[in-house]
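Q: Sending over a structure as structure tokens; questions will come in a sec.
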Amino acid sequence: MQVQFSKMHGLGNDFVVIDNVTQNVFFSKEKISQLADRNFGIGFDQLLVVEPPYDPEQDFHYRIFNSDGSEVSQCGNGARCFARFVKMKGLTNRNKIVVSTKAGRIVLYHERDGQITVNMGEPIFEPAKIPLKANKQENIYIIRENDHTFFCGAVSMGNPHCVLLVDDVETADVEGIGKTLVAHERFPEGANIGFMQILNSGHIKLRVYERGVGETLACGSGACAAVAVGQMQKKLNKEVTVDLPGGTLKIRWQGPGSILKMTGTAEHVFDGNITL
């Protein structure tokens, strides 16, 4: 069986995108892991699957699988690639696209300059909904592991995020601390670990260690999480430029009770076929 796919990326965070509207494909966890291998497969951070809508008021359903085959609820960079893919492949001609995800409903917008804006919904800070084991909601949590103490913010952007403030993202121990915290017992479902350096109140640098993936060149939901946490800690403005290793995103959030929006690029690399 031949399955068509597209290779895409958002700021270097790379994806294989599958049209499961005109095709009917199932990938096992093991098969996803094989295809994600950069030496023996196609190579990607995540597999994105476009499915028919579950609700007639929505345009599509959006599924995301990490390179280890685990299914996750949200991916901001992937959402931008999803939006470009469905229009590029003629699955829709709309500039506003409503999709459902495992985490809920999101809205995607094609901008006139070719960039894509994603309505990421409201950041969720309630510990039980992140989920995070904590007695009460705080702007800064103390997490201990062995002889180390970490001060971090926590938020869900449809997936759990832990954000640490660092002096310099270039010298931060992203690999070591990331591995320590990504599956910490305080996060029952694991968490993506963000390392944020504040340049000024409207500009940050960020690196993210993602659960099930490791460090990537960019993490859209991680950028959203960092800005939301920074605002709650009274350190950031309502509009923030986020520099990631793979490029730049613009994040806008008016504060608690309002939706957060992310704007950035989505690039098509090539199309191919998988033999199953």
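The backbone N, Cα and C atoms fix where each Cβ goes, glycine too.
Just lifted these from Swiss-Prot, have a look:
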| type | residues | note |
| --- | --- | --- |
| ACT_SITE | Cys75 | active site, proton donor |
| ACT_SITE | Cys219 | active site, proton acceptor |
| BINDING | Asn13, Gln46, Asn66, Gly76, Asn77, Asn159, Asn192, Glu210, Arg211, Gly220, Ser221 | substrate binding site |
| SITE | Phe270 | site 'Important for dimerization' |
Q: When you average the Cβ positions of Asn13, Gln46, Asn66, Gly76, Asn77, Asn159, Asn192, Glu210, Arg211, Gly220, Ser221 for the substrate site, which other residues in that chain have a Cβ within 8 Å of that mean position?
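A: Close Cβ neighbours, site residues excluded: Asp45, Ile64, Val72, Gln74, Cys75, Gly78, Val208, Val213, Thr216, Cys219, Gly222.
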Q: Taking DSSP three-state, what's Cys75 (active site, proton donor) in: helix, strand or coil?
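A: Reduced to three states, the DSSP call for Cys75 (active site, proton donor) is coil.
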Q: Whole-number Å only: compute the distance from the Cα of Asn77 (substrate binding site) to the Cα of Phe270 (site 'Important for dimerization').
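A: Between the Cα atoms of Asn77 (substrate binding site) and Phe270 (site 'Important for dimerization'), the distance comes to 17 Å.
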Q: Taking the Cβ of Asn13 (substrate binding site) as the reference point, list residues of the same chain whose Cβ is under 8 angstroms away and which are at least six residues distant in sequence.
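A: Spatial neighbours, sequence-distant, of Asn13 (substrate binding site): Asp45, Gln46, Asn77, Gly78, Thr216, Leu217, Ala218, Cys219, Gly220, Gly246.
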Q: Using a 10 Å cut-off, grab the number of neighbouring Cβ atoms around the Cβ of Phe270 (site 'Important for dimerization'), all chains included.
A: 9
Q: Just how many other Cβ atoms lie inside 10 Å of the Cβ on Asn77 (substrate binding site)?
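A: For Asn77 (substrate binding site), the 10 Å Cβ neighbour count is 35.
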Q: At the level of the C-alpha atoms, what whole-angstrom distance separates Asn66 (substrate binding site) and Cys75 (active site, proton donor)?
A: 10
